[in-house]
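What follows is a short report on a single structure.
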Amino acid sequence: MLSEKTIEIVKSTVPLLQEKGVEITTRFYEILFSEHPELLNIFNHTNQKKGRQQQALANAVYAAATYIDNLEAIIPVVKQIGHKHRSLGIKAEHYPIVGTCLLRAIKEVAGAPDEVLNAWGEAYGVIADAFISIEAEMYEEAAHKEGGWKDFRNFVVVKKVKESDVITSLYLKPEDGGKVSSFIPGQYVTVQINIEGETYTHNRQYSLSDAPGKEYYRISVKKEKGVDTPDGKVSNYLHDHVKEGDMLPVSAPAGDFVLNMDSTLPVVLISGGVGITPMMSMLNTLIEQDSKRNVCFVHAAINSNTHAMKEHVEAVDNEYEQVKAYTCYSAPTEKDLEMKNFDKEGFVEREWLQTIIPTTEAEFYFCGPVPFMKHINAVLTDLGVKQEHIHYEFFGPAASLQ
């Protein structure tokens, strides 16, 4: 329990964190990786280079300071981060290391006096305990489910399917021949990739792109441009070098962006690009479980060359009366224009979306590039969709949609 004095001091640093938060977290990661380079085997190097991880941590620290007198308010955020930590294999022993480096960064960047550092040290201990407790429960739950496991388990690539010019699916089965644990549609796994010549392991989260209940997991990976970029290095490796029969270490499924199976409301699934992957899991689950809920499936792509799972979604649309699928191409090819194999040219605009969604009284799920997500969030809010019915997933550290 934090004292009133400690709470007062921590809350007094909110303006400082608003101004210098990213500077502090940037320095924090510099200290962390210089003194503990082994942690580069856990953290995503791409998000470090792009500054997304620094921004996400700054947002989390700012929220912690703001709600230090009511930490219950940030438990949903703690759980969201906890899912990511569990999937990466972050353990209780990592927290003291992080705390020490964070306090050093606050002192170096902000010149914080001992009184402030002591208060933050005390507050960090309470926050870390919350993370450790929640993540311990997550580890236990993942390990004790039927077909479950702790940390990483070796999976074999049993099938590799090209879904479009830029997206390829990998079908993964456990090397030990055992079962795979079930998951909730929308969840992801962490895949460990060891690239020859690379000093550190690369960890990447990929949404599971098929319904649960199979003997395999399916992930569908976008090939990023440029093998010299961190993103490109990993995705190009999976596309060009990983073959059927190869082995990949995989974490148990995690994540809180999940289909609400208890709701009876219609479902609207909106995706841009590779954001289609968790939506495929949700769509396939709804039809395989013979759900009677109306489903509106909206996908935005550049054109048919980059449009993954197009034939499958069209087949579902044709077979199931309750499913309506719509496609938006920003730059259709001549063949697309000739065949008229899409519904709208351009972008997913408010006026068009309003004409195709069955009702605003529905559960809305969306995923895609951050600018796309910001736009969809603004449109849904403007249309009066209730906040509790708006669900979204970032591919990478959480950002603001405002």
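Using N, Cα and C of the backbone, Cβ positions are placed for all residues, glycine too.
Swiss-Prot names Arg204, Gln205, Tyr206, Ser207, Phe394, Phe395, Gly396, Pro397 for binding FAD. Of Tyr188, Tyr217, Tyr365, the residue it gives for the same site is Tyr188. Spatial neighbours are here defined as Cα atoms within 10 angstroms of one another, and by that definition the neighbours of Pro278 (NADP(+) binding site) among the recorded positions Lys84, His85, Tyr95, Tyr188, Glu393, Pro397 are Tyr188, Glu393. In this structure, of the binding-site residues Gly273, Gly275, Pro278, Pro397, the smallest number of CB atoms within 10 A of the CB marks Pro397.
Restricting the recorded positions Lys84, Glu135, Ser207, Glu393, Phe395 to those with a CA within 10 Å of the CA of Gly275 (NADP(+) binding site) leaves Ser207, Glu393, Phe395, listed by sequence position. Secondary structure by DSSP for the domain 'Globin' (1-136): 115 helix, 0 strand, 21 coil. Per-class residue totals from DSSP over the domain 'FAD-binding FR-type' (150-260), listed helix then strand then coil: 11 helix, 44 strand, 56 coil. Cα proximity to Lys84 (site 'Influences the redox potential of the prosthetic heme and FAD groups') (within 10 Å) is found for the following binding-site residues from Gln205, Ser207, Val274, Ile276, Thr277, Phe395: Gln205. The binding-site residues recorded for this entry are His85, Val274, Thr277, Phe395, Pro397, and the Cα of His85 lies nearest to that of Tyr95 (active site, charge relay system).
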